[in-house]
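Below: the structure, in structure tokens.
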Amino acid sequence: MATQPPACPRRLLPLFLGLFQGALLLFFTFFVTYEKPSTPVDDVNLVANQLHGIFPLFQDIQVMLVVGLGLLLTFLPRYGFSVLTHNFLLLNFSTQWALVLQGLLHHFHHSQVHLDIHNLLIAEFAAVTVMISVGAILGRTSPCQLLIVATCEVPVYLAAEWVIITHLGVLDVGGTITIHIFSCYFGLGVSKALFGVVQPPVHPKETPTPRSDFTSLVGMLILWVFWPSFVAVLCQPGDAQHRAILNTILAMSASTVTTVVASSLLEKNGKLSLGHLQNGSLAGGVAIGVVADMAMPPVAALALGSLSAVVCILGFRFLTPLLAKKLKLQDNCGIHNLHGLPGILGAVASVMVILVASEPTSSSPFSQVSPSRGNASEVAGGLWGDRGVRGQALCQAAGVAVAVSSSLLAGLLTGAVLRLPCLAQPPERLCFDDSLYFKIQDQGESPELGGTTEEGALALKE
């Protein structure tokens, strides 16, 4: 008689999600309503124009997150269904959770949370941080563990964003500091605490195949095309948004060309590494976000894109093996090389751009810099003018320090929570395999997992 898998892990995921969705249904029933439409005709026309301006960019971001990011992570050949499904689940779970939290913190008036598309957009940015962070532990964790990461990370992200944007007045329209740097070091903190001081050996199912690398490359291309919308969606319409789009395209174009050059020089016989191409081509979009809408010459965007690709590829080639050897740090998807290193480079660039700029005046291009991802609508025009150029540069550096320290600490605590036995971390032999979570082509047997259902069940009990 076949040994059945333990019931608790199989029922934990639907129980967790069912309770979560039920609680949200009650919360939305009693406390959430849509923003009331304005009655004057002029106000209605203004709202309609704003919606028509933001919704196409919002749709681009949806394609990035659902399709592009999901496909980018399918380089794991036996884990494609899991990656796409977990990515989609985390997006929806984290967005709803962020809507509740930010509604209670910022939009709760007269016992009601007023919802509009801007609130939804900010909630999706919180979800992005989760989707990036789990890249460090992808394949060796269960869906329940990923949902716990989302539950813990979203409130910490919203708090850190408030400190960085509203309190410090950091300029970061593309989320380089608040999204990419924060999510990277949160994920690395989770990985370090979860896997401890033992570096797991390279799993045989981690090695990409030509087909899995192809789908990952398609995901990169989708992200590359729509990335300017992600950076420019919250810019003020006009010059700032125009600059953000142009600078993002220039930076990503330069990072793509530089990736080909650097990869060809580092690999044997001048061949290209698909892993380098999948990540280095996007590094320019990560780095440019913090300065995208600032008035700087086009050559600065090209230079930043090239440098970000170089640090990304050098990170994959040299830094990742070093961190794995010295610190026993596991980073399955290389989020430190794509999000951490280019993010820090972009933050340094923002300090330099601010320092070389003149004091903002009413006619200066810097007075039109749009607010960063957050609620500080008067950051650029007011606070910078009060504190001066050097003060703003110091605030940019302080924002990086807050993002790194808060994310690392919260990530370490979250990783410690994930080690609880009830969260059912998969055993090593079943990692990076879809058959653990999906019924694939009605296969009753899985030779790769050991040959029989009994052996698979015994492995689950480990």
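A Cβ is built for glycine as well, from the same backbone N, Cα and C atoms used for every other residue.
Listed in TrEMBL:
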type	residues	note
DOMAIN	24-420	domain 'Ammonium transporter AmtB-like'
TRANSMEM	12-34	transmembrane segment
TRANSMEM	54-76	transmembrane segment
TRANSMEM	88-108	transmembrane segment
TRANSMEM	120-139	transmembrane segment
TRANSMEM	146-165	transmembrane segment
TRANSMEM	214-235	transmembrane segment
TRANSMEM	244-266	transmembrane segment
TRANSMEM	299-319	transmembrane segment
TRANSMEM	340-358	transmembrane segment
TRANSMEM	397-420	transmembrane segment
Within-chain partners of the transmembrane segment (54-76) [C-beta distance under 8 Å, separation at least 6 from its ends]: 83-84, 87-88, 91, 117-118, 120-121, 124, 127-128, 131, 135, 138-139, 205-206, 208, 212-213, 215-216, 218-220, 222-223, 226-227, 229-230, 232-233, 275, 278, 333, 432
Touch test for the transmembrane segment (214-235) and the transmembrane segment (146-165), at least 3 Cβ pairs under 8 Å: no
Considering the transmembrane segment (340-358), which listed stretch of 88-108, 146-165, 244-266, 397-420 counts the most C-beta pairs under 8 Å: 397-420
Confidence summary (mean pLDDT) of the domain 'Ammonium transporter AmtB-like' (24-420): 88
